[in-house]
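Engineer: Quick one: structure below, then a few questions.
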Amino acid sequence: MDTSIKLSYLLNDPDLPEMLRTIALKVNSGERISFDEGVYLYEHADLGYLGVLANYIREKKHGNRTYFNRNFHVEPTNLCVYTCNFCSYSRLIKQKEEGWEMSVDGMLDAVKKYDGEPVTEVHITGGVVPKQNLDFYAEFFRRTKAHRPELHIKALTPVEYYYIFKKAKLSHYDGMKFMKDAGLDSMPGGGAEIFHPEIRTQIANDKCTAEQWLDIHEQAHKLEMRTNATMLYGHIEQFWHRVDHMERLRQLQDKTGGFQAFIPLKFRNQNNQMSNVAEVSVIEDLRNYAVARIYLDNFDHIKAYWAMISRQTAQLSLNFGVDDIDGTLDDTTKIYSMAGAEEQTPGMSTQELVNLIKQVNREPIERDTLYNVVTDYTDFVFEDEVKPQYYKLPVIN
Ligand code: SF4
């Protein structure tokens, strides 16, 4: 059924509570919802209601199109000077034997493994260590661009950049400019966690603050780089902390327009200091995607990392505001698996990703990092595709 028909059914429901009717009317007319309405949605709206609204916005923006890209990760180190309590990935420098620390040559070798492969993006993120400084990354970016100029470098977060620029005595603007000149193309969304200090100081006390995180993104946007934003949800935060987080992003987006995608990241509780905190349900994951889609009216894309939430939940999320399920990955990231994600060796072929999207009647679009269409797979048939077959059942009289 058409999403606008579903929305009008909902609006015609005489039992719909007044506040939910007001919000639905705003969504119907493309009006922005307020902070209090965002909190109200988290506290009172059921999954069915949220799905109708989020899907209405999703289809208004993108129709059935669902994006993915062909990418791989390079994770330069899992050692880290910081001690975020939710982190399952980092090995403190004193536990060095469990960790890795790549050289520039090693990282370049990881990039060269994909020579001749039709990947469009390398995604670089990891821990923070003194050796991997401004010169280290600038050299890596330059050599990667010299080797493969068309490969999009999406690298590091304000957590790394804040540390690197401070050591190099550079302002955020000058630091980002230096990185851009060396070959950096865009910035992923990590390190945002929950911005509000009441939560941030408890889960990520010693890394960059919300203000520093937002400022580094703002400087990147001034340099015409596009970036993403994440939110780590489902641990000790309350619903209003999530809305506060999205509100800060919405305000910066009004100012710069530089964000492309918002990516909610589910807190996983294995192998970290917060293992006593229960994980939220899949229902809460879907509610959260939907509220994000409704609240962040000025973000084009809501992305779900299939490697973090499982393939099935990623499929479901496409009816709750999500229009992007990230990339092929090729088992090049350990971040999700070390935190206890269902996908322990995350990697999917293009064909598998396309089928995953088609199975829920959406149109698979391979994009590049900046959402230019690389290939529309809607009517594409893979050579070895197995057609559905129907067998005659034996008739027993
Ligand atoms: S979340 Fe990032 S900054 Fe924090 S400890 Fe882990 S690797 Fe370091």
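For all residues, glycine too, the Cβ spot is worked out from N, Cα and C.
Caution: TrEMBL annotation is automatic and unverified by curators.
From a predicted model like this one, the values you see are computed outputs, not experimental measurements.
Grabbed the feature section from TrEMBL, which reads as follows:
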{"type": "DOMAIN", "residues": "66-300", "note": "domain 'Radical SAM core'"}
{"type": "BINDING", "residues": "CYS80, CYS84, CYS87", "note": "[4Fe-4S] cluster binding site"}
{"type": "BINDING", "residues": "PHE86, GLU193", "note": "S-adenosyl-L-methionine binding site"}
Engineer: Do me a favour and check the Cα-Cα span between CYS87 ([4Fe-4S] cluster binding site) and GLU193 (S-adenosyl-L-methionine binding site); whole Å is fine.
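Structural biologist: That separation, Cα to Cα, works out to 11 Å.
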Engineer: For CYS84 ([4Fe-4S] cluster binding site) and GLU193 (S-adenosyl-L-methionine binding site), what Cα-Cα distance in Å is obtained after rounding to a whole number?
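Structural biologist: Distance between the two Cα atoms comes out at 10 Å.
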Engineer: Within the set CYS80, CYS84, PHE86, GLU193, which binding-site residues show a CB-to-ligand 1 distance under 6 A?
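Structural biologist: So the answer is CYS80, CYS84.
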Engineer: Can you give me the Cα-Cα distance between GLU193 (S-adenosyl-L-methionine binding site) and CYS80 ([4Fe-4S] cluster binding site) in Å, rounded to a whole number?
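Structural biologist: For GLU193 (S-adenosyl-L-methionine binding site) versus CYS80 ([4Fe-4S] cluster binding site), the Cα atoms are 17 Å apart.
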Engineer: Neighbourhood of the [4Fe-4S] cluster site (CYS80, CYS84, CYS87): other residues with Cβ within 8 Å of the Cβ centroid, in order?
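Structural biologist: Other same-chain residues with Cβ inside the cutoff are TYR82, THR83, PHE86, TYR89, SER90, GLY127, ALA204, LYS207.
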